[in-house]
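Lifted from Swiss-Prot, the feature list:
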{"type": "COMPBIAS", "residues": "349-364", "note": "compositional bias 'Polar residues'"}
{"type": "COMPBIAS", "residues": "366-381", "note": "compositional bias 'Acidic residues'"}
{"type": "DOMAIN", "residues": "34-122", "note": "domain 'Importin N-terminal'"}
{"type": "REGION", "residues": "333-381", "note": "region 'Disordered'"}
{"type": "REPEAT", "residues": "44-82", "note": "repeat 'HEAT 2'"}
{"type": "REPEAT", "residues": "132-169", "note": "repeat 'HEAT 4'"}
{"type": "REPEAT", "residues": "220-247", "note": "repeat 'HEAT 6'"}
{"type": "REPEAT", "residues": "259-286", "note": "repeat 'HEAT 7'"}
{"type": "REPEAT", "residues": "302-406", "note": "repeat 'HEAT 8'"}
{"type": "REPEAT", "residues": "414-442", "note": "repeat 'HEAT 9'"}
{"type": "REPEAT", "residues": "499-532", "note": "repeat 'HEAT 11'"}
{"type": "REPEAT", "residues": "581-619", "note": "repeat 'HEAT 13'"}
{"type": "REPEAT", "residues": "690-721", "note": "repeat 'HEAT 15'"}
{"type": "REPEAT", "residues": "729-764", "note": "repeat 'HEAT 16'"}
{"type": "REPEAT", "residues": "772-807", "note": "repeat 'HEAT 17'"}
{"type": "REPEAT", "residues": "815-848", "note": "repeat 'HEAT 18'"}
Amino acid sequence: MGDNPWVLQEQVLVELSEVIKNSLSENSQTRNAALNLLEKAKDIPDLNNYLTCILINATELSVSIRSAAGLLLKNNVRVSSLESGSGLQSLDYTKSTVIRGLCDPEQLIRGISGNVITTIISRWGISTWPEVLPQLMEMLSSPASTTQEGAFSALTKICEDSAQELDRDFNGTRPLDFMIPRFIELARHENPKIRTDALFCLNQFVLIQSQSLYAHIDTFLETCYALATDVSPNVRKNVCQALVYLLDVRPDKIAPSLGSIVEYMLYSTQDSDQNVALEACEFWLAIAEQPDLCSALGPYLDKIVPMLLQGMVYSDMDLLLLGNDADDYDVEDREEDIRPQHAKGKSRITLNTQGPITQQGSSNADADELEDEDEDDDEFDEDDDAFMDWNLRKCSAAALDVLSSFWKQRLLEIILPHLKQSLTSEDWKVQEAGVLAVGAIAEGCMDGMVQYLPELYPYFLSLLDSKKPLVRTITCWTLGRYSKWASCLESEEDRQKYFVPLLQGLLRMVVDNNKKVQEAGCSAFAILEEQAGPSLVPYLEPILTNLAFAFQKYQRKNVLILYDAVQTLADYVGSALNDKRYIELLITPLLQKWSMIPDDDPNLFPLFECLSSVAVALRDGFAPFAAETYARTFRILRNTLYLITTAQNDPTVDVPDRDFLVTTLDLVSGIIQALGSQVSPLLAQADPPLGQIIGICAKDEVPEVRQSAYALLGDMCMYCFDQIRPYCDALLVDMLPQMQLPLLHVSASNNAIWSAGEMALQLGKDMQQWVKPLLERLICILKSKKSNTTVLENVAITIGRLGVYNPELVAPHLELFYQPWFEIIKTVGENEEKDSAFRGFCNILACNPQALSYLLPMFVLCVAEYENPSAELRDMFQKILQGSVELFNGKASWQASPEVLAQIQAQYGV
C-alpha cells in the first residue's frame, strides 16, 4: 500500500461510528439492528483502517465507542485469514497508527491498543513487524508515565507469548540484547507499575534459559534482592516468581544465598497479599525438586511446617468462592461445572497375579506408566475442587506432600505436635486443615504414621458425621490416602475394627446429600477398591446397592465419578460380579443411562468405558445384553468413520470427536472378552467387517484411536480369529511403522506389539514373511535404553511368540537379543503370555543349540526362578537342562549358585 496510501472517507467514518454507538444502546431493537450492520460491515475491505481511526484518532467520541471499535479491530485481526507477506499490507495503516494509542490519556484505550499490537504479533510473528520492538522500547524512555505504562502493556504480553521468538537473531541483531539491560534498569523505576512490568518481562526469559539474560544474571539477581521488600505487592510477587524460576533452571545461583532466600520465602509465604504468598509458596514445591538444596532445609523445617499448615486453613475468600454448604444433591449442575469428557483408551499390559482382574492389565502402576509417557501429569489437587483455582491452600498442601516425601521421619516428628493441636481445635477450619495435612503426608510419612493409624482411624471415621460438608469432604480424601493400611490388615479382628467401618463410612459418603461430599466419597471409595481388590467380594451386595442408589441421586457431574467407581470395582473384583443378584443391581442403572444419552453425546464416553470393564468382569453374565450393546456401539463406530470421511471432502460437515472411535472400539473389545469364542456370530453381521474398520482406525492420525484399534485387533486374534484372518497381512503392513524408534506414541506402539504377538500364535507358519521385519524392529526396541518397561515386556513376549511356530527364522538372530530378553522376561509375572514366550524361546534354542555356549547361565537362572510353568514348558525346560549337562559334561557351564542348583534339582531332577 506504500504506492497507494489509504484515503479515509469521512462519511464512512461517521456512519460506522454511529453504528458502533447504536450497538451499545440499551434499546434492544436499536442494538440488534446495529449489530446486524456490523456483521455486514465485515465485507468492507478497509474496515480495519476505519476501526483503527476510531480507536486512535476519534478523541471527540466517547471512550466506550472508541474502545468498542478497538475490540472489533482486535477480533477482526485475531480471526483474519490474511497470509504473511503481501497479504499483510492491508494492516499497514493499523500497524503505523495503533502504536500512538499507547500514549492515550485513557487507560482503557492504552490497554486495547496494546492488545491489538500483541494480537498481530502472536498471529503472524515478530518478523512481520520488526520495527515495533524498537518503537516500544523507545517509548519506555518517555517522560510521561502513561506512555511508559502503555508500552509495557504491549511488551509484557509480547514477552509472555513470544519469548522463544525474541531469543534469536533478526537481521543480525538479537532484540533481547538491548531489551534485557533496559528492563533491569527499569526494574528500579520510581513507578511501581513500571517496576512490576519490567520484572515480569525479565522472568519470561529465565524460564527459557535465555543467554541474553544469563549475560546479566548477577545484575538481575542483585536487582531482585534490592526489590525484595518493595512497597508494591505486585513487585514482591514478581521477585518471588523470579527466585522460584531461578531455583528451577539455575540452582547454582540460588545456592550461595540459600539461607537468606529461605528466610525471605518464609516471610513472604505469610504475606498479607494472597498473590505474594502463593508465589512464595511455590518455592517450597520447587526446592523439593533440587535434592542438594532441599537437604539444606533441615534447620528451617520447624518454621516451614507450621507455616504450611497455616496456609492450608481455608481463607474467608476461599469459603466465599466455595459458596454455601447446604444439602444440594437435588440442585441441577450448571453446564460450566461439568468438565469436557475425553476417552482414556486401553493399554495392553502383561498379566501379573496382582492388580485388576481383566485382560487390560496387571496393575494400575503399569497403565499409569504408559499414560505418563504419553501425557503430562495432573497437578496435586487435594479435594479436586474444579470450582477453585490453584491457591495458597492447595499449594501449601502440595508443598507439604513433596517435602514429606523428602524428609520423611524428620518432618513427621516436627509436624506431629502441630497436627495434634489442629485436629483437636474447636475451629472447624483449623481442624479441617489438620485432616488435609495428615492426608498430604501420607505418601512420604506412611511408615512412621502406621503406629498412629489405629488411633486416628476411629477419629477420622467420626468426622464423617461432621455437620460441615467441607470436613466430611477432606476426611474422605485423607481416608482414601490411608486406605491401603486398612485393606492390608491380616487379622479378622482388625479388619472388623478398621476396614469394615471404613467401607461403611465411605459408602455413606457416596450417597451424602452434599455434592462435594459425594464426589470426595466416591473418589475415595474408588481408591479403596484398588487397594482392597478381591477383599471386597463379601461386601458386594451393600456396595452395589449403594452405587445403584447413587445413580438415582447424583447430578450429571458426579455421575462421571460414579462411572469410574463402578469401572474400578469391575476391574478389581472381576468375575465375582457374575451373579444374578449383582448383575441386576449393576446393569439396571447403566442401561437407564444408556437409553437416555443420544448417539452423538460425549457423555457416552465414560459410560462406554465403564460398560467395557463391566462386560469383561461379567463374562457370560453379560450375554443377555451383548447383542443390543454391540449393535448400538457398532452403529456409532461406523457412523463416526463415515462422518470423518465426509468431512474431509465437505467443509460444511463437522468433524466428529474421535473419542467416539476410541470408546466404541474399546467397548467392542470388552464385549469380545466377555463372550469369548461365542462372539463370532455377533461380529459376522458387521457391515463393513470389523477387520476393515480396524484397518482404517489403525491408520488414524490420532494415536489414541490407533491404540484402541490394536487392542481390539489383539482381542479378535485371541477369541475370534476367523473374523480377522482375511485382513492380517494388510494390518501387519500398517503395524510396522508403530514399532519404529522413536516410538511416537508409546501406548499405541505397545498395543501394536502386543497384538503382533497374539497374531503370531494364530497365523502359525503363515506369519513367516513378517518374522524378519518384525524382529528387526523389536530387537531395536529391546536394546533401547530409553524404552518404557511395559513396552519392553510386550516386546520380549512377542519375540518369544514369533518362535512358537517359526523358530528357525528367529534362531540366527539369538545372539543379538538374548541378554536383554532374559533381563526383561524374568520380571514379567507368571501367566500364559510368559509361558508361551518361553515355549517359543525353547523352540528357538532347539534350532540353535550352539547358543547354549553363551546364554546357558542366564537361561538356568530364569528357569530356576520360574515357579509354575505349564506342563509343556516344564518338559521343554527339563530336556534343555538335561541336554546341556550331556553336551557340556556336567553343570559347571551353568555358572549357578548352590541355591539355584538346588532349585533346579528339586524341580527338574537334573
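In case you wondered, yes, glycine gets a Cβ from its N, Cα and C as well.
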Per-state residue totals over the repeat 'HEAT 2' (44-82) - DSSP helix, strand, coil: 27 helix, 0 strand, 12 coil
Within the repeat 'HEAT 18' (815-848), residues counted as helix, strand or coil by DSSP: 27 helix, 0 strand, 7 coil
Distant-in-sequence neighbours of the repeat 'HEAT 15' (690-721), which means Cβ under 8 A and at least six residues beyond its ends: 343, 345-348, 359, 374, 637-638, 641, 658-659, 661-662, 665-666, 668-669, 672-673, 675-677, 679-680, 683, 727, 730-731, 734-735, 738, 744-745, 747-748, 750-752, 754-755, 757-759, 761-762
Integer mean pLDDT for the repeat 'HEAT 6' (220-247): 97
Distant-in-sequence neighbours of the repeat 'HEAT 11' (499-532), which means Cβ under 8 A and at least six residues beyond its ends: 325-329, 331, 333, 364, 383-385, 457-458, 461, 464, 469-470, 472-474, 476-477, 479-481, 483-484, 486-489, 539, 542-543, 546-547, 549-550, 553-555, 557-558, 561-562, 564-565, 568-569, 572-573
Summary of DSSP states over the repeat 'HEAT 17' (772-807), given as helix, strand and coil counts: 30 helix, 0 strand, 6 coil
